[in-house]
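Colleague: Quick one: this structure, given as structure tokens, is what I'll be asking you about.
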Amino acid sequence: MVETGLIRTVVGIIGNVISLGLFLSPIPTMAAIMRQKSVENFKPDPYIATVLNCFVWTFYGLPFVHPDSTLVVTINGAGAAIELFYVLIFVIFSSWGKRRKIFVALVVEVVFMAILIFVTLYFLHTTDDRTTVVGIIAVVFNIVMYAAPLTVMKMVISTKSVKYMPLALAIGNAANGAVWVVYACLRFDPYVLIPNGLGTLSGILQLTLYAIFYKTTNWDGDDDENRNDNN
């Protein structure tokens, strides 16, 4: 039992390091956006979804919700700050129409978190109840985070181009999901296992698409659909 607990702690620390790598993986994409002073056809969906996911998991890991989740709070708190910075970059370099959609999404997320915190604190009086309810919600939004790149994947298939698919983010999703699957299996935790298993699958699918459409990608220009999306 001691050895399993030690291994789980080590894997959790490794998972935090890889999760941090996942949160930092969009830096090349953000650098390209700032260099071009335009988001072009990069989509903010994965970053907006990750902000909410980090908010929920940070709340899940607080002592009055889940007494033994310090690692969860640490990495997701840092992740929320990083992802908000990415969203800010999209706000700065997007057209007004896209900017308005981002603002609406963020307001919805803040309202949702306020409701979740209120309900948890005033209607759920034990840590077991809070862990169960918030854990289920955290699973749902973790799945949403991993599903967010589906919008990018759809564009890749329709344009046969991976120019606007962040490769580092796809690699990060696959690696991050795989490590947390191992962590969840060491002491069975369905709240961690289910979304991260799907996250691993999502990352693998993205990498598969990247390999398939890499050769058909026009790296020097935009296709007609991409130009229309920018209008």
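Keep in mind that glycine also has a Cβ here, set from the backbone N, Cα and C atoms.
Caution: TrEMBL annotation is automatic and unverified by curators.
Predicted, not measured: the structure shown is a model, and the values here were computed from it.
As listed in TrEMBL for this protein:
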- 6-25: transmembrane segment (TRANSMEM)
- 46-65: transmembrane segment (TRANSMEM)
- 71-93: transmembrane segment (TRANSMEM)
- 102-125: transmembrane segment (TRANSMEM)
- 131-152: transmembrane segment (TRANSMEM)
- 164-186: transmembrane segment (TRANSMEM)
- 192-213: transmembrane segment (TRANSMEM)
Colleague: Which range wins on Cβ pairs under 8 Å with the transmembrane segment (6-25): 71-93, 102-125, 131-152, 164-186, 192-213?
Modeller: 164-186
Colleague: Ranking 46-65, 102-125, 164-186, 192-213 by Cβ pairs under 8 Å to the transmembrane segment (131-152), which is first?
Modeller: 46-65
Colleague: Counting only residues 6 or more past its boundaries, what in the same chain has a CB within less than 8 Å of a CB in the transmembrane segment (102-125)?
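Modeller: For the transmembrane segment (102-125), the far contacts come to 44, 48, 51-52, 55-56, 59, 64-65, 87, 90-91, 94, 133-134, 137.
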Colleague: Apart from its near flanks, which chain residues at least 6 from the ends of the transmembrane segment (46-65) lie with a Cβ under 8 angstroms of it?
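Modeller: Distal contacts: 23, 26, 71-73, 76-77, 79-80, 83-84, 86-87, 90, 102, 105-106, 109, 112-113, 116-117, 120-121, 127, 130-131, 134-135, 137-138, 141-142, 144-145, 147-149, 152, 169.
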